[in-house]
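Chemist: Could you have a look at this structure, given as structure tokens, before my questions?
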Amino acid sequence: CQDSYVSLNHDGVEEIRAKAVHIAERSRAERSRAERLVPACNARHIQQSFKTCSQLFSVPPSSLPPYRFEYGNSGIDLDGLFKSCTKLEHAKCIHTLMLVSGKAQSSFLYGKLINFYAQLGPISFVEDIFKKSPRSDVYLWNTMVSAFVRRGHFHKAVDCFHQLLLTSGVRPDFYTFPPVLKACRNLFDGMKVHCSILKLGFEWDVFVAASLIHLYSRFGVVEGACRLFHNMPYRDSGSWNAMISGYCLNGNAANALELADAMRLEGEKMDAITVASTLPACVQMNDVVGGKLMHLYAVKHGLELNLFVSNALIDMYGKFGRLGDARRVFEQMVIKDIVSWNSIIAAYEQHGEPIDARLLFDNMQQLGIQPDAFTLVSLASIVSQLSDHRSGRSLHGFLLRKGYFSDAVITGNAVVDMYAKMGTTEYARAVFEGLPIKDVVTWNSLITGYAQNGLANEASNIFHMMEESKDISPSQGTWVSILPAYSQLGALGQGMLIHARVIKDSMWSDIYVGTCLVDLYGKCGRLDDAVSLFYEVPRQSSVPWNAIISCHGVHGHGERALEFFREMLDGEVKPDHVTFVSLLSACSHSGMVSDGEWCFCLMQEKFGIKPILKHYGCMVDLYGRAGLLDVAFEFIKSMPMKPDGSIWGALISACRIHRNVELGIYASDRLFEVDSENVGYYVLLSNMYANAGKWEGVNDVRSLARGMGLKKTPGWSSIEVDKKVNVFYTGNQTHPQCNEIYKELKELCEKIKAKGYVPDFGFVLQDVEDDEKEHILMSHSERLAIAYGIISTPPKSSLRIFKNLRVCGDCHSAIKCISDITGREIVVRDSNRFHHFKDGSCSCGDYW
């Protein structure tokens, strides 16, 4: 039957008869093959149907009926054959049998056949079959529209609907509209379908009305969906569920929960879909108790083992970070589908448990469950968290072989994000360039990747490329990606332009965009503006509080940071581990040792937050800056986990400041055991030797770094003048105004020497003559930027300088004098903190 299938012309009855004769002559040889098409697990009556089919084809040609076989007389169970159909070849056999037996004119059977072809074969093949079908019944049209929707061909589904209206002469019924409304990719198409529904009088059918509610909710027209819902003369559970999920989809969690309560009050019993729709609202409201009560309702009414409810419970507990509860729900499930596995894997992956997430993925593979695009997206995040470059390349190769980049844009986005988070931005860029489809998330992922790896200028360039692309419009994620890059660059003017666009797009009150704006103004030296913005954004979560505390910390305002923390607690906002990293850092920059110790204890004892390496690193930095090197060293030895490079690096930095070479050498030995490829640590150790005048040690460290192929990150400083960011490197002589800059520097140097400034050659990390050392100090990038700012801006105006490395002690002393003789406020942000120079003094009080 398989080999004999051809696309037959229904008008050619003689052709059908001739084909049937041909089949009959070959049927005995094919009989065993036809039986093998039926899986062994099928019921006996299905096998009997195939045997009857073979017997029918085995009769002599002369005994064939004149035109067609009679289905009723043949005893062939077509329903049973459809149930046994698992392959495209099976469907072709049944199709041939329908044509030969005369049942191809049955709309019901032809509809079932189209359904099977849509599941098993290419959509173009299904279209061809549909065109040759008897399209006089709305059932066939509905089947074809649904097939297009299931296969993701939404545009074709809408076109098919328009053909039904305009050319078929068939009247749609209430089954026609739900899949068509689901297929609408824009609000205008949906409104046109809504007009057809009104014209045909189907608006108050509960299925159609629920689909309209879904449509308007998808496109953010919640008021229209709500109006439809309240005007319905009769509402079933599907209508309630549609409106609840519509509220959740548009972030109106409070309204969703209120509607669920109203549903119960009106006597409508919540079903599994209601529970699964309400649980995301509990997540949006951060209502753990409400979520648990909904779980209790599900248990009480026997819904806890429902697949949809279980998946929603796993997702809810996962987003609340209650991984134990999520795992218990997962383990109790009788049936698990791919969504169940994706939910539990994502729960562990999104809460910093990549090892457990990877073990769950391995278990899933051992059970023979094939991953889908969402599984692979989680896997990419797991790989990046583990910094497993080999597995990352393997995953990349798998996605390429399987063609996922063409079929699912989210997989390409995940790989770009994976490479960026592992620090290999060149691979991220290569994947980005090679993706056949790019959406706004693709661009956002690359911008974020560059910004998070300290490549703010590259992030800015990608953003400008995105702006030039006419097909992509910036989203909330775009602003959250580019604003941190502008914070790094100190590009306040560019950031203010983004702020204006955010206001225009009505996103200024978005918690994440608002927090990024707070961070931008705070880290560009406009702390008062940052505070004003902070009080305009929603403050129910810890995110904006963390930003404002961090901003005050880097400005050296530790006391003010603690005031914000107390205000946060008074507002019943629960701090997280990021809050305490910001607090401890603020205490470190301000020399508040006892307050830092109090925060460290409070974090554990009151809020149950287990310290991670970042917290320990802040404490070591706190003790080290205060000169308590022995306390810092003992603290490291008491840590319950192995110190990483950042811990030993903080101790070496303190040893350099306080000139404790012996402890610094010990710390460096431990440092290179855990992180021998970070060039910054070699520079730190080299600087420590240089400050102590041990030039032999300097040469040894530099030779070791060169032997490993490591290169020092060049120091640069930037200043924004007339909305243009000018970048200067140490000793830079390529700027168009180079001569004027060095002339101004020479004059400044003479003036500050007259005020008592004496160059500190201890900050020259090269063994050269004193004259050369003075020239090297004068050519530091921050001084070049200041000189350019002085010759390019009006007298007495403020200057804002941004440096990628730490300001050296000699430049710190020089800038204090420059601020005094020029009458300017000079704000310098280095890699650690802000320095506000004014009238010959610095806001740090020389504690930095």
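Placed from the backbone N, Cα and C atoms, the Cβ positions cover glycine too.
Pulled these from TrEMBL:
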- 756-848: domain 'DYW' (DOMAIN)
- 137-172: repeat 'PPR' (REPEAT)
- 236-270: repeat 'PPR' (REPEAT)
- 306-336: repeat 'PPR' (REPEAT)
- 337-371: repeat 'PPR' (REPEAT)
- 439-469: repeat 'PPR' (REPEAT)
- 541-575: repeat 'PPR' (REPEAT)
- 576-611: repeat 'PPR' (REPEAT)
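How buried are the listed features, and what sits near them?
Modeler: Regional average pLDDT for the domain 'DYW' (756-848) in the model is 84.
If you look at the repeat 'PPR' (236-270), the same-chain residues 6 or more away from its ends with a CB under 8 A from one of its CBs are 206-207, 209-211, 213-214, 216-218, 220, 222, 225-226, 229, 277-278, 280-285, 287, 290, 297, 301.
Counting only same-chain residues 6+ beyond the ends of the repeat 'PPR' (306-336), those with a CB under 8 A from a CB of the stretch are 272-273, 275-276, 279-280, 282-283, 288, 291, 295, 298, 343-344, 346-348, 350-351, 353, 356.
Through the fold, the repeat 'PPR' (337-371) approaches residues 307, 310-311, 314-315, 317-319, 321, 323, 326-327, 330, 378-379, 381-382, 385-386 of its own chain, all at least 6 residues removed from its boundaries and within a Cβ separation under 8 Å.
Sorting the repeat 'PPR' (541-575) by DSSP state (H, G, I as helix; E, B as strand; all else coil) yields 26 helix, 0 strand, 9 coil.
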Chemist: Hey, which bits of the same chain come close to the repeat 'PPR' (439-469), Cβ under 8 Å, at least six residues off its ends?
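Modeler: Beyond its ends, the repeat 'PPR' (439-469) has Cβ neighbours at 409-410, 412-413, 416-417, 419-421, 423, 425, 428-429, 432, 475, 477-478, 480-482, 484-486, 488-489, 491, 494, 727, 804.
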